[in-house]
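> What follows is a structure written as structure tokens; I'll ask about it next.
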Amino acid sequence: MSPSAGGLVVFLLSVQVIQSQDGWRVDYDQTDVCAAKGSTVYISCDITYPPGKDPSDIKDRFWFTKEKDGEPVDLRTDSEYSDRVTYRCFSKECYLTITDVRESDSAEYKFRFGTNKPGEKYTGSPGVTLSVTGFQVQVRRSDSTWLELTCHSSCVLPDRPEYVWYKNEEIIKTGSSLPVSSGSTDRYSCYLTGYWNQRSPAVYGPQRPSVSVSPSAEMLEGDSVTLTCSTDANPAANYTWYKQGGTSDPRLLSEEPHLVFSSIQSSDSGRYFCTAENQLGRKTSDFISIDVKYGPQRPSVSVSPSAEMLEGGSVNLTCSTDANPAANYTWYKEHEDSPRASGQIFTITNFTAEHSGNYYCEAQNEMGRSNSTLRLITSSAEPNHARHQSLQQLPWQQDTIKWPPL
């Protein structure tokens with residue numbers, strides 16, 4: 001057998017197999033067939049008759065690879081081979097043709113026939129093993145700046161095979177290997193001379209990776225969030241995730257395409273990027289910013305001025321908290337329904353003993369609210385001393401301002 005001129009790549013190991021049953025015999029022309037994916041394959045056998053028998057005694061001739069309920073399944077009825085198999089049988093020969101072979105066609109093919117005698121059926125076994133393969137470009141690093149590409153097939157190739165090399169759909173070279181520079185963004189493929197339609201898949205370095213986040217909606221503290229890095233590359237790219245520091249070097253976080261936060265925290269906010277790399281090159285994605293929303297933490301309260309102050313002076317109470325988005329502040333006095341002030345700073349002017357009592361500031365955003373209490377009280381001082389105030393810190397984040405009476 002020889003390949004057809006239409007792009008067939010079939011390599012045969014020509015060893016005859018003979019099976020004899022009751023004088024019937026099946027001779028296969030080969031035991032092993034290696035074919036390139038997408039090519040056309042021919043498998044044939046010869047039939048030897050017992051004395052006194054002739055072709056008219058044979059019926060139901062077919063090829064099979066599978067059995068169902070103990071009976072061989074004719075390839076022509078197998079949906080996986082639909083419109084891809086044909087038989088040609090003569091007096092003593094029978095041929096199987098499979099077009100557009102696939103890797104799933106790799107199997108052992110056997111010839112089956114029956115005779116005029118009821119129940120008399122014969123199978124040529126063992127059959128012919130078909131292995132379907134494709135040409136592949138293998139990448140090997142020569143040094144820090146150069147790579148060597150070689151065209152490879154698992155088939156037994158003819159002596160001194162000659163390959164043709166493509167770069168971005170243009171023929172650039174013939175030969176068994178091709179040197180290319182590391183980091184090249186071009187696409188390289190190869191084929192065996194004479195079989196141009198069996199070209200290998202192209203190899204190429206990664207394109208600039210794209211980054212996606214799931215879920216894409218607003219991220220709240222405690223949510224599960226996944227960042228995904230993807231690119232087009234062959235061989236497949238390896239991925240690495242980093243978080244960009246302020247002035248420090250980026251911090252490596254993961255060497256997987258997915259970066260998963262099972263319970264994201266406010267400290268995870270920041271800028272992230274990923275890299276995609278294979279033997280031919282490396283590319284870096286654009287930054288993606290993660291902004292985790294969370295409610296206000298317990299506010300802290302400060303008083304200014306913190307030194308002693310004469311009666312009639314003013315005092316500034318400042319409320320601070322950490323929140324995203326930024327919190328709005330409201331000041332209340334205990335037992336009063338209406339707020340005393342809004343804003344981060346509450347200023348009391350012309351301070352007197354009437355201002356004593358418990359105050360609290362409330363920090364609020366769309367994620368939640370929190371508050372902290374401040375206590376202003378009056379106290380006596382020794383006679384003939386000027387009226388003054390002083391500040392003391394009390395437990396549970398409360399502040400005390402003391403005032404002497406007249």
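Including glycine, each Cβ sits where the backbone N, Cα and C put it.
Take a look at what TrEMBL says about it:
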- 1-20: signal peptide (SIGNAL)
- 126-190: domain 'Ig-like' (DOMAIN)
- 209-289: domain 'Ig-like' (DOMAIN)
- 299-378: domain 'Ig-like' (DOMAIN)
- 382-406: region 'Disordered' (REGION)
- 389-400: compositional bias 'Polar residues' (COMPBIAS)
> Tally of helix, strand and coil residues over the domain 'Ig-like' (299-378) according to DSSP?
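For the domain 'Ig-like' (299-378), the helix, strand and coil counts are 3 helix, 44 strand, 33 coil.
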> Counting by DSSP secondary structure, give me helix, strand and coil numbers for the domain 'Ig-like' (209-289).
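The breakdown for the domain 'Ig-like' (209-289) reads 3 helix, 44 strand, 34 coil.
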> Within the domain 'Ig-like' (126-190), how many residues are helix, strand or coil going by DSSP?
0 helix, 37 strand, 28 coil
